[in-house]
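In what follows, a single structure is set out as structure tokens and then discussed.
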Amino acid sequence: MTNTIIFNIAILAGKLAYFILQITGRQGTALPGKVAIKICPDILGDLTKRCNKIVVITGTNGKTTTNNLINHIIGGKYENLVSNLKGANMIQGVVTSFVVNTKSSYDWGIFEVDEGSIPDVTHFISPDHVALTNFFRDQLDRYGEVENTIKMVYDALKTVDSTIILNGDDPSTVQFNKLSNNKIYYGFNKNQFSKSNHDVAEAIFCKNCGNRLNYEFISYGNIGCYYCENCGSKRPNLNYVAQSIYINDNNYEFDLKINMGNDDKNSLNNDETIEKGFVFKYMGIYNIYNCLAAISLCLSENFDIQFVKNQIENFDYKLGRMETINFPDKNVVLVLSKNPVGLSEVFHAFSYDEEPKSLMFLINDTHADGKDISWIWDADFEQITDIKNIKSFYCSGTRANEAALRLKYAGFDIAKIKIHVSKDEGDFNYPINEMLSENVKSYVIGTFTATPEARKILLSEKAKSEI
Amino acid sequence: MKLEIVNMYPDILNLYGDIGNLICIKKRCEWRGIEVDVKDFTIDKELDFQNFDMVLIGGGSDNGQNIISNHILDQRNSLETFIEDEKVLLAICGSHQMFGNYYVNPYNEKIPCLEIFDIETKSRKDRLTGNILISNNLKSNSIFDSVSTHDFNDIIGFENHGGRTYHSYDTLGDVQVGHGNNGEDGKEGMLYKNFIGSYLHGPILSKNPHLADIMIFNALKNKYDIDDIKKSILEINYIDDSIEINAHNNMKQKILKL
């Protein structure tokens, strides 16, 4: 234990920072932790000793959703949780969650951690579980390359004895199979949403022999049932499998196959059970992977499967991840999107909605968003022409012109594009009000800094509309 | 009229939206009524370059470059002929480096390159990253200029490279804001006949339609009579570039303010 006096001063200083942020109306998700770490650098190690169990969630896409899902399931059984639910996922954000909610003990600490902060975090703590969502190219001007990110996470996980919960369908994590940790795999069986070709055209090469990988089927991006024709390596046997996925009344329904044995995936054996009728009510096939990560964790911690199933079904999104904001005369759906695979899948999800609608893309280029916005050219904007009944497409944010440019080159009708270049990362009042004046459903897609700003404006407009 | 384009290693060298260069060329041709046929060329799908009018190659991760490095060496002679025949080739970032004599990676290992040009690249771990503004040395005699709504004398992009590239050929432009080839001599990119090498992503052609138009015109000129090009294209189709112009000018102001 660090010097108790310094520890207490650090917590107090963090609380003070939080208090000042609150009374000045700012969000206090990272600064309080930053202040506390400054005073007591190894504070995270001391704080996490107060947790009976610790879960860390990392990966490129789906961290916040998975974190919220796990909180929702575990929070249904346990009262004392500590978590960084608002998505501040650097080490400061993790420390902040303790600073603003100080208790002497917690049943569970559940944290999403940015891939780049994993080495910092594992330096101080050895989580009981680490859940990996996926690895895609994201904000590369910050980390260099996705291979470096994967290696950084791999090296960090070698130093802890956590159980690792892995997306078995993600070929970029195949090297994690070598880790001596206990491992649990989740993934899909072939279903009606499976594709045969890459929609984001990026080849993946076998980590063993360098040959191009083939797929029995692809779920999205590079995620799918992969195998190497040359050396015979293939996706690992899955323990938690979603199958028979279909859409019913805008909800996803799927069956869960559980196989804790190590036999080949197709052979029926005594270890195998199937639980039918899981329901998740938000769009995007990638969300079923997030559900699987949460389900794998909770079932391996011996939560009751009926309870887990109910919690998945009654889960409500918050904080701009496919969150629906209801206005008297229309609904607005807010989605965070910050990399090519994510954005391609968001457009794909919209194509299931044939109602008249307007779309809005808010693209900022602050440091947190990534100063390089060229990734929008890797996203499959071309499928915009498959989305029916788009009345208008609003482009805003600090790089609004380039969103419009991307749409133009994707073959979208430029007469429907409305451009508003923002003066700063939250300057969306004008386009949002124009969008709200149209009596059709709206989808708002925003980058990392744009989404919370848009959410603020939407909630304040909603409050006004209800007076 | 028709242009046949090779999209080289699209599944491996595809970092930072360089696929957008192909999208730009393709659309600007289609809007002018020029037919475009694109063929992918990759490690298990080869083509004879001599049947094509344009080659586009993007940048890749170190891993991606390792995968293609031996394969591209087998294409050395056909690529050299393609360039000497004044065919149009755009090579961005890592693929530009590959046309030189060698590439020294951050671990001080010398990676053999195509040796088509006397270019040397040494990589360092600290990367040259950020928005970049350069002047435009690419001379245009394009007939599209007469009906163009843009009149740019500079080029805008985003650079992100560990490699420092040195050569004594003509350059694409002088660096006004940013790092360029090596962060030392104030030069960016390379020009030789209709070969363009550059570190600029963005993708480079999206906010610089003048470059795309010069490339399209040079490719057509290799194949068709100028008067025919005029007759069949100029009098029919005109491109409204106002979104491109706003995107370019907005970004230029933003870069100059920094």
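Cβ from N, Cα, C; glycine included.
A TrEMBL annotation is a machine prediction, not a hand-curated record.
Annotated features, as they stand in TrEMBL:
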{"type": "DOMAIN", "residues": "A:57-194", "note": "domain 'Mur ligase central'"}
{"type": "BINDING", "residues": "A:Cys206, A:Cys209, A:Cys228, A:Cys231", "note": "Zn(2+) binding site"}
{"type": "ACT_SITE", "residues": "A:Asp372", "note": "active site"}
Check your understanding: What is the average pLDDT across the domain 'Mur ligase central' (A:57-194)?
Key -> 91
Exercise for review: Could you say which of the binding-site residues A:Cys209, A:Cys228 has its Cβ with the most other Cβ atoms inside 10 Å?
Suggested key: A:Cys228
Check your understanding: Do the recorded positions A:Cys206, A:Cys209, A:Cys228, A:Cys231, A:Asp372 include any whose Cβ comes within less than 8 Å of a Cβ in chain B, and which?
Key -> A:Asp372
Check your understanding: Over all shown protein chains, what is the count of other CB atoms within 10 A of the CB belonging to A:Cys231 (Zn(2+) binding site)?
Key -> 13
Check your understanding: Which are the residues of the chain, A:Cys206, A:Cys209, A:Cys228, A:Cys231 excluded, whose CB is within 8 A of where the CB atoms of the Zn(2+) site average out, their centroid?
Key -> A:Lys207, A:Asn208, A:Gly210, A:Asn211, A:Leu213, A:Glu229, A:Asn230, A:Gly232, A:Ser233
Exercise for review: Could you measure between A:Asp372 (active site) and A:Cys206 (Zn(2+) binding site) for me? Cα positions, answer in whole angstrom.
Suggested key: 29
Review point. According to DSSP, which of helix, strand or coil covers A:Cys209 (Zn(2+) binding site)?
Key: coil
**Study point:** Tally of residues which DSSP labels helix, strand or coil - the domain 'Mur ligase central' (A:57-194)
**Key:** 57 helix, 27 strand, 54 coil
